[in-house]
Amino acid sequence: MDPIEIGLWVSGGMLLMVVLGMRVAFAAGMAGLVGLIWIFWAKRGMEWDQLGWALTVAIKTAGQVPHSKVSSQTLSLIPTFILIGFLAYYAGLTRALFEAAKRWFAWVPGGLAVSTVFATAGFAAVSGASVATAAVFARIAIPEMLKIGYNKQFAAGVVAAGGTLASLIPPSAILVIYAIIVEQDVGKLLLAGFIPGAFSALIYGLLIVGIAMIWKNVGPPVRGFTWGQRFAALPAALPIVAVVVIIIFFVYNPFGDAWGTPTEGGAVGAFIVFCMALIRGMRWPELKDALLETAKLTVMIFTIIWGVLIYVRFLGFADLPGAFADWISSLAVSPMLILICILLAYAVLGMFMDAIGMLLLTLPVVYPAVMALNGGEFVSAAESTFGMSGPMCAIWFGILVVKMAEFCLITPPIGLNCFVVAGVRPDLSVQDVFRGVMPFFIADAITIALLVAFPSIVLWLPSLAG
Amino acid sequence: TEWNVSVWGKRRAFTEHIEKLAELVSEKTDGEFTMNISYGGLSKNRENLDGISIGAFEMAQFCAGYHPDKNRAITVLELPFLGVSNLDEEVAVSRAVYDHPAVQEEMAQWNARMLMTSPMPQYNLVGTGEPRQELGDFEGMRVRATGGLGEAFEAVGAVPTSVTATEAYNAMESGVVDTVAFAQHAHLSFGTINKADWWTANLNPGTVNCPVVVNTDAYEALSPEEKEALDSSVEEAIDHYLANYAELLKKWDTILEEKSVQKVEYSPETIEAFKAKAADPARESWIKDMEAQGIPGQELYDLVQETLEKHRAGN
Amino acid sequence: MAGSSAVLTDDSLLSRLDRVLLRLETFFAMISGIAVFLLMVLAVWSVGGRKFFSSPLAGYVDWIEAAMPFIAIMGIAYTQRQGGHVRMDILIGQLRGRALWAAELLSVVLILALMLALIWGSWAHFDRSFDFSVPMWSRDSSIDIGLPIWPSKLVVPLAFSVMALRLLLQIWGYGRALVLGLEHPVAVPLVQSAAQQAMAEAEHLEGRE
Ligand code: NA
Ligand code: NA
């Protein structure tokens, strides 16, 4: 049997195991191991007396992967980004942000909802995890909105949608994972997330203002904050600004040499939030809890990473990504249409799957195909299909798929953010939240369409960084 | 027979001999013996020797400085200021060292057999900011340099920082390092030249040694014709590599001019002083280290020097 | 999809073993958490050293790479115990009773097979880098400051062995539930509906603000 055929069988088997409920990391690892055995055995003509050899070589090859692949400086960003988010709770940054956003933005129609969106966007700058953001703001923002007569479903929808911003706006674990899988510059990808993230928040805000202007009873504005009160709310939220500035300057300093690597930036940011949390009363029991939770989440992510990379190692021997890329670029359909189909496929897949698992499982095959569509990894902007160089296309596609993955957090039937919001608020059913979040589908669709149509929204900032 | 070959990065001057070898072997055997060259799909570059030892692929390239403890004997070729002045000499000394029983024995532990070298020119620095003209200027310099080269710079007060080749550009841009030691082709292909203000034209502090090896069992399993096709193509592959590199070096000066990169020339006294500080102690401690572990360090070092003399006499 | 699930306990031998192993797993996970913390401190030290004292930390990258297996792998059994590894439970979440335990049992048996293979493979990876007869027992060293790599390679088979013990307990737990037709078996993570799970996660956050 030729390697590509083996590749297809094994990939199909893996998807079956995933659908049947095997933990994603181990389904991928198992598929990779079986695939390696098969491919080495096929190389020796599938003779019975060669099976032992194939088994040994495959197991030893797979056994290298966990150590080899996690020993990476770039991947050390992930635990740091997770730790930052946990420490931020203890530093009291959530409430401070919401208070500041309320005093500054609540005067517009639908004001508290707009404030909530901006506060979640701000919190996104210290949190890598969308679900955590939704959970925290469900407790802080929903009661305040209900108090002044907001529609219950709408208030819940705002929080569920706002929570998704955390993975686009750096620090973002999922952007780091994308960068590792496709072997692109992490710093530029993180930079690229800022504007689309802020852009998403803005579109959410505009949508809310629009809704509030059409249906007067949805969300009244809140006025009456003096400038004094506004400025008084800022200092408590300042550490967020410090973290944002640090991470940006470690990746790209508009006034000179950058300060260091993204890894260092993440760590220094975490350290600032850590000091802040110490000042605000965090002690060993809380720190221990934060460290244990960080460890658990980190291990969960890394297990998927090495599991999938065993499968990827097998793909390397089967050369399936190359074959798929050749097939995609040989299709007589417009490349833009293919790209849109790929994004739609992610929307459907994401209805049923976890975002990180989804990206890790699909990117090894899909990414080379997209790059081939654009004209290859090293293509210049002038000769490319989408009008951008290879590395830029990698960044653009990364932001698009991460935005798709975020979108999936609010779509039924398994929109995790909606479940979390409903879980925090006993008076809200999951159906309520799904109903409330519906308008934001439109906002996300508009955002994605604009990012596809105007790649410069994504690429402007990273292109400055050279 | 189909062989999988594990290399890394993208196709560049550094991998041209492997590409050529695959072409020649296939030609000579009428497509009976083919090589599938994979750029990073089969292994991490620092684990190519592990992959060979396992038998996961049949041929691979690696660099001695990535993991000195895996290949102690050939690190002699990475000692600073060894005296090698061009690629021909590099080929000659590598060949002599690869043939030494101590090297063959160490490779045998990995089930590997040396096939050929990937001759690298001297690793000169590109740097940002003020050119470092004197030995004292190296104090506190953050330099991307691995292995023996890193130690040499350390001896004059610099701080070696290893980032992988692909990260070198970013490390330079972000100020994690302010100089990078590479061969010319790597300065070009990893973009470090685009960040450079100056280049050390004649420092010639040393280089890395990157052999291409084959899995012994796979080699033994070749038919006599295939073996013959492989062995007889090495010479030609290396020649192709050298010719290709020579073209690249011709372009190098034009590129320096285009990017207005300053050429820094060191006086012979400065280089002598550098050597005295870095090369002599490094060599002595290397030899002591090796001898203590039962590897004939002195003999290997002498072999390099003799080969150099013989090679120069022959030309 | 992610997150933790409930594990019931009682006085049976299985449940007691479960809790004994949990202590070891928690200790391993704590090592991972503390390593994350040290990673942060190391980076701050490195940046500080470079920016303010122009004495960068030698071998910074080597140390990070050596620390990563501790961070990324030590806690694997702890996460498995809590049911924290991601899966897609849209189908398995519909099953009840024996059908559910059979599916879970099959899944953990497959995972055990994978882990046993990987214990062998990762041990071989460690073994290639380890040699009693050479200085620091090292036959593989890092690129910058020549750190021996075997200690961080050893972490993998070690953590995977604890994982294999955990899987044996889970096979016992699910097997018992399958044979006896139990409704609420001990020592295994129980499938929660996404809503229950979200509730549990939210409660966790509740405690911390
Ligand atoms: Na974020
Ligand atoms: Na969904």
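One-based numbering along the chain as shown.
Yeah, the Cβs are placed from backbone N, Cα and C, and that goes for glycine too.
TrEMBL annotations: computationally assigned, not manually curated.
What TrEMBL says about this one:
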DOMAIN    A:13-456  domain 'TRAP C4-dicarboxylate transport system permease DctM subunit'
TRANSMEM  A:20-41  transmembrane segment
TRANSMEM  A:74-92  transmembrane segment
TRANSMEM  A:112-142  transmembrane segment
TRANSMEM  A:154-181  transmembrane segment
TRANSMEM  A:193-215  transmembrane segment
TRANSMEM  A:236-255  transmembrane segment
TRANSMEM  A:267-285  transmembrane segment
TRANSMEM  A:297-315  transmembrane segment
TRANSMEM  A:327-349  transmembrane segment
TRANSMEM  A:356-374  transmembrane segment
TRANSMEM  A:394-424  transmembrane segment
TRANSMEM  A:436-461  transmembrane segment
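Only pairs six or more apart in sequence are counted, and the transmembrane segment (A:193-215) with the transmembrane segment (A:436-461) gives three or more Cβ pairs under 8 Å, enough to call it a contact. For the domain 'TRAP C4-dicarboxylate transport system permease DctM subunit' (A:13-456), the mean pLDDT of the prediction comes to 86. Taking every recorded stretch in A:112-142, A:154-181, A:297-315, A:327-349, A:394-424 and counting its Cβ pairs under 8 Å to the transmembrane segment (A:20-41), the highest total belongs to A:297-315. Long-range contacts of the transmembrane segment (A:436-461) within the same chain: residues 151-158, 160-161, 191-192, 194-196, 199-200, 203-204, 207, 211, 252, 339-340, 343, 386-388, 392, 395-396, 399-400, 403-404, 406-407, 410-411, 415, 417-418, each at least 6 residues beyond the stretch ends and with a Cβ under 8 Å from a Cβ of the stretch. In this chain, the transmembrane segment (A:74-92) lies close to the transmembrane segment (A:267-285): three or more C-beta pairs between them fall below 8 angstroms, excluding pairs fewer than 6 positions apart. Across the candidate stretches A:112-142, A:267-285, A:327-349, A:356-374, the maximum count of CB pairs under 8 A to the transmembrane segment (A:297-315) is reached by A:356-374. Across A:154-181, A:267-285, A:327-349, A:356-374, A:394-424, stretch A:154-181 shows the highest tally of CB pairs under 8 A with the transmembrane segment (A:112-142). Under the criterion of 3 or more C-beta pairs below 8 Å, with sequence separation of 6 or more, the transmembrane segment (A:394-424) and the transmembrane segment (A:267-285) do not qualify as touching, having fewer than 3 such pairs. Sequence-distant contacts of the transmembrane segment (A:267-285) (same chain, six or more residues past either end, CB-CB distance under 8 Å): 80, 83-84, 87-88, 90-93, 126, 171, 239, 242-243, 246-247, 250.
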